[in-house]
Amino acid sequence: MALTLRSSTSFLSPVDPTSKLLHKPADEAQPCCVAVPPAPGRRPRALRAAAAAATSPATGRAPAEAGELLHGGGADQHHGLPRGGVPVYVMLPLDTVGPGGQLSRQRALAASLMALRGAGVEGVMVDVWWGVVEREGPGRYDWEAYAELVRMVERAGLRLQAVMSFHQCGGNVGDTCNIPLPPWVLEEMSSNPDIVYTDRSGRRNPEYISLGCDTLPVLKGRTPIQVYTDYMRSFRERFRDYLGNVIAEIQVGMGPCGELRYPSYPEANGTWRFPGIGEFQCYDKYMRASLEAAAVAAGHQEWGRGGPHDAGEYKQMPDDTGFFRREGTWSTEYGHFFLAWYSGMLLEHGDRVLAAAEAVFGGTGATLSAKVAGIHWHYRTRSHAAELTAGYYNTRDRDGYAPIARMLAKRGAVLNFTCMEMKDEQQPKHASCSPELLVQQVKTAASAAGVELAGENALERYDEAAFSQVASTARGAGLAAFTYLRMNKTLFDGDNWRQFVSFVRAMADGGARPALPRCDTGHSDLYVGFLDAAKKSKAPEAEGAATAAAL
């Protein structure tokens, strides 16, 4: 296997702060090439060297000089991307900081960060879990593991997207660990179950606090909005010196999976299965009280007795229900009333949380962003059932994303949208999917509102087709950034890594998708390939080689 590394900051030897190499443009940096025949089950020698260089035996930290040189890069620094280039970030593993507040697999993480930097990646994204940081009690914040992570990111010459994750981890697509909300919040849930979202059958969902009680003191005397604000303010004070330079972006979680939506399609315990329509989440007492008041104000008190009775169940299809079928209840006067109220409550929640974030992080230099889910199934139907239950009032006759985009523009936040890697032709026909039309609609809404659009892939993909689709979307949508899901051992496997490096380069070039030569020894930023790939019988070490350490 051949490994080629190219980086303006060498991580194979200690950094000399006087070296002119550190101050050269990236395209003038001297490449460092290492040919490595790894033993079975072991990571390549260059990555072991990277891990060794990233830590010192005495302190477990990089030489101070490197950190000093990289600190304070400035919010507008983009590693020399050409005009029109799209910076690529990579999501770190969900358990990078575990439930007990410990930073996981530090040497492997340090080596992986260096590899990403060598590939031309702009930075990484991490979930800053509420359930971890404030686990000891209200107002007691433990930032230490995240502080060490920020220092590691800085030493690697990368930038950080920090997600204020006010939701639990576990029970959704891609969740590989379990991180619940803080124990003291769970205690409040036990004594008052109505502070969490509830469906028509009374099933409670502990992923996120119900927006129905946003402004009520249900959390040990504080409102959820106050709790989120205090949390963000503590983060700002702890990381003040890094905001706007190392910490480039604050993504504000506003619902399950950190997305602005209702938990309408939970996978836990088999509750929902693709391509089910999901269910409305408006049956806790706070949401019901709001609905009742809205119905009285509309002159139809009877509309406030609960959500639609004919909306079906999680796994059903639109035509199986009276509400979502072609000319169903969704298109009646009552349907318009209910959907406007339901989606309006979500918009108000998003505005409240982002207003708090804007007040806390305004003037720090860090960009604010919010994530909107790419719910592409049943998009080709009239009712767009799955979007409606999630809180997006988007139908054949109504644009549900324009109001969201305007709300984000009001708060100066970037609209981060998922499913950028998907193509219509890859989806099952019975699900009436259209991720491509959906992305186009969101792009149009963002453009009209004057809000920047960023993207993510919804599912883990390593194939050329997915990367090409993202690059094509980036060209057409003018993405502000793209965050790749996710860093793991599979990403660093030879062919996957080669595809990823080519993709990062294409995004830096504005979405052009050049092919890398099979054995590139001078032009890729970090290329991993097999010299003996053409052989019918591969060497044992080549078959399962991975460049990341025990992720």
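Just so it is clear, glycine is given a Cβ too, placed from its N, Cα and C backbone atoms.
All annotation found in TrEMBL is predicted automatically rather than curated by experts.
Checked against TrEMBL, the range among 51-78, 79-106 recorded as region 'Disordered' is 51-78. Most other Cβ atoms within 10 A: among the binding-site residues HIS376, ARG486, that distinction falls to HIS376. Taking the Cα atom of each, GLU259 (active site, proton donor) and GLU456 (active site, proton acceptor) are about 12 angstrom apart. In this structure, the recorded positions ASP127, ASP175, GLU259, GLU456 were compared by how many other Cβ atoms lie within 10 Å of their Cβ, and the smallest count belongs to ASP175. The binding residues for substrate are recorded as ASP127, HIS167, ASP175, LYS371, HIS376, THR418, ASN457, ALA458, ARG486; their greatest pairwise CA distance is 25 Å. Of the recorded residues, ARG486 (substrate binding site) and GLU456 (active site, proton acceptor) place their C-alpha atoms 10 Å from one another. Geometry remark: ASP127 (substrate binding site) versus GLU456 (active site, proton acceptor), CA distance 15 Å.
Counting only same-chain residues at least 6 apart in sequence, those with a Cβ under 8 Å from the Cβ of ASN457 (substrate binding site) are THR418, CYS419, MET420, GLU421, ALA466, VAL470, TYR484, LEU485.
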